[in-house]
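One structure is given here, and the rest of the page talks about it.
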Amino acid sequence: MEKTNEINGHAGNHTECTIPAAEVDQVSNKNWQLTAQEKFSNFLKRNILVILTVSGVLVGVGIGMAVRNMNLTRAQMTYFAFPGEILLRMLKMIILPLVVCSLISGAASLDTRSLGKLGGIAIAYFLVTTLIASGIAIALAFIIKPGVGAGALNTNSLRLTGTVTNSKEPVDSFLDLARNLFPANLVAAAFRSYATDYKTVTTGNATAGNLTYEKIPTGSEIDGMNILGLVLFAIVFGIALRKLGPEGEELIKLFNSFNEATMVLVSWIMWYVPIGIMFLVGSKIVEIEDVVLLITSLGKYIFASILGHLIHGGIVLPLIYFGFTRKNPFSFLSGLITPFTTAFATCSSSATLPSMIKCIEDNNGVDKRISRFILPIGATVNMDGAAIFQCIAAVFIAQLNNVELNAGQIFTILVTATASSVGAAGIPAGGIITIAIILEAIGLPTNDLSLMLAVDWIVDRTTTVVNVEGDALGAGILHHINQKEMKKQQTELETVRVEAVPNIKSEEETSPLVTHQNMGVMPFRKGDLESQESVL
């Protein structure tokens with residue numbers, strides 16, 4: 001009887017636990033729906049900033065086209081652009097502490113040998129990619145020939161109001177580059193940089209008819225951060241702190257803490273980026289007077305420049321990254337949509353630096369020591385996009401003036417564009433001034449540079465995107481090389497450890513020191529004494 005009840009009990013329990021097939025399907029569907037909702041919510045959480053930033057660009061275009069028909073005055077345009085101006089001011093505000101502290105902490109965290117190796121690879125990467133970019137630009141300029149047939153263009157027909165500053169001699173430009181590497185006043189370097197100016201001195205006697213005029217270069221200070229000098233000082237100062245050893249650890253910790261606090265500020269600023277970008281893009285569309293006339297007149301130049309950026313940024317740089325890492329470059333770049341959008345809207349490599357450092361560390365897992373050391377340098381000296389449009393602009397102006405460039409002049413354009421892009425300011429329209437250096441080097445007039453200013457608002461956007469893409473892929477390559485070196489050292493260390501494991505038996509037989517030490521530490525037992533006596 002007890003057995004029957006037990007069986008019935010088990011049978012009853014089994015019946016209660018059975019769930020109809022329809023209910024099982026319903027529960028599984030519900031679980032699948034919950035999983036899909038969770039996946040979607042997780043996707044939104046991860047990419048909400050990217051979605052908002054891209055949406056800001058699209059909404060800005062729409063607002064700009066709508067406001068354009070309202071015929072705003074200059075003052076009203078200024079008020080309309082105010083939220084975008086606030087974004088630029090915040091990004092520029094954070095550049096100085098970010099660059100100085102990140103470079104000091106990065107240089108101090110890497111040992112001298114690896115610092116020199118990574119620095120050498122970075123400089124070689126920056127130089128080679130810029131030379132390739134210049135070569136692509138010159139080839140495209142001679143194939144597309146943007147200046148042929150455009151000789152009738154002038155600033156009056158296009159109603160241009162922009163002006164270009166007087167150009168410097170190429171020699172003085174390179175000397176200024178060297179002078180800015182070693183600023184005389186670090187405090188002044190935070191907001192001023194050195195630039196050569198000229199004064200005319202007359203010699204001789206006017207009455208005698210031998211009066212001559214001589215242009216003499218004189219030093220002057222211009223507004224704008226001398227970021228090149230600050231970068232060099234920060235790197236050398238970080239190396240000096242590491243050389244101090246224990247005495248420099250406290251100061252290194254201070255700069256590390258300062259750097260982390262700066263990144264927190266960056267994360268807060270990032271949430272304002274979509275709003276600022278929306279008004280930056282919208283205000284730029286409102287400001288342009290006759291977009292159709294500019295694009296039709298200078299369309300071949302715009303097409304050649306953007307095509308050069310697409311080839312270099314979409315093919316050459318990803319191939320270089322793949323050649324070093326054997327990884328998909330586009331999956332790496334997909335984590336950097338926010339800084340690319342910021343670069344497109346602000347046209348400033350320096351202003352994009354804070355968001356680039358944050359995204360490349362959080363989304364791509366690049367080592368902080370690598371990213372915070374290489375990216376500030378890249379934002380200063382690596383200007384692939386600028387080299388492309390500078391070379392195309394130089395050939396464009398030569399074709400505009402019906403000047404046939406010889407092999408020596410082409411080589412001069414290549415070298416001068418590569419070298420002058422190092423000192424180009426990471427600000428909107430910063431590359432226009434360096435085009436004047438190229439034109440002076442090959443003996444072309446600088447009057448037509450105002451044509452470049454007319455369409456710079458278009459070309460400068462793709463220019464900045466390619467600039468920051470080159471920096472990001474360079475950081476990814478260096479991160480990969482550093483990881484390989486660390487794994488290699490770890491493998492060698494483990495091999496040494498395995499070979500260093502002692503053979504206890506042989507040590508006891510051959511090393512009297514180990515034997516005496518063991519005898520002194522371990523007490524003798526009776527059996528041990530008997531065995532020793534029997535051996536003896």
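Cβ coordinates come from backbone N, Cα and C, glycine included.
Predicted automatically and left uncurated, TrEMBL annotations should be read as such.
According to TrEMBL:
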type: TRANSMEM; residues: 48-67; note: transmembrane segment
type: TRANSMEM; residues: 87-110; note: transmembrane segment
type: TRANSMEM; residues: 122-144; note: transmembrane segment
type: TRANSMEM; residues: 224-241; note: transmembrane segment
type: TRANSMEM; residues: 261-281; note: transmembrane segment
type: TRANSMEM; residues: 301-324; note: transmembrane segment
type: TRANSMEM; residues: 330-353; note: transmembrane segment
type: TRANSMEM; residues: 373-398; note: transmembrane segment
type: TRANSMEM; residues: 410-439; note: transmembrane segment
Task = Name the range, of those listed as 87-110, 261-281, 301-324, 373-398, that has the largest tally of Cβ pairs under 8 Å with the transmembrane segment (48-67).
result = 261-281
Ask   = Which of 87-110, 122-144, 224-241, 261-281, 373-398 shares the most C-beta pairs under 8 angstroms with the transmembrane segment (330-353)?
value = 87-110
Ask   = For the transmembrane segment (87-110) and the transmembrane segment (224-241), does the number of C-beta pairs under 8 Å, pairs 6 or more apart in sequence, reach 3 or more?
value = yes
Ask   = Most CB pairs under 8 Å with the transmembrane segment (224-241): which of 122-144, 301-324, 373-398?
value = 373-398
Key: Beyond the flanks of the transmembrane segment (261-281) by at least 6 residues, Cβ under 8 Å   = 49, 52-53, 55-57, 59-61, 63-64, 80-84, 86-88, 90-91, 94, 97-98, 101-102, 338, 341-342, 345-346, 354-355, 357-358
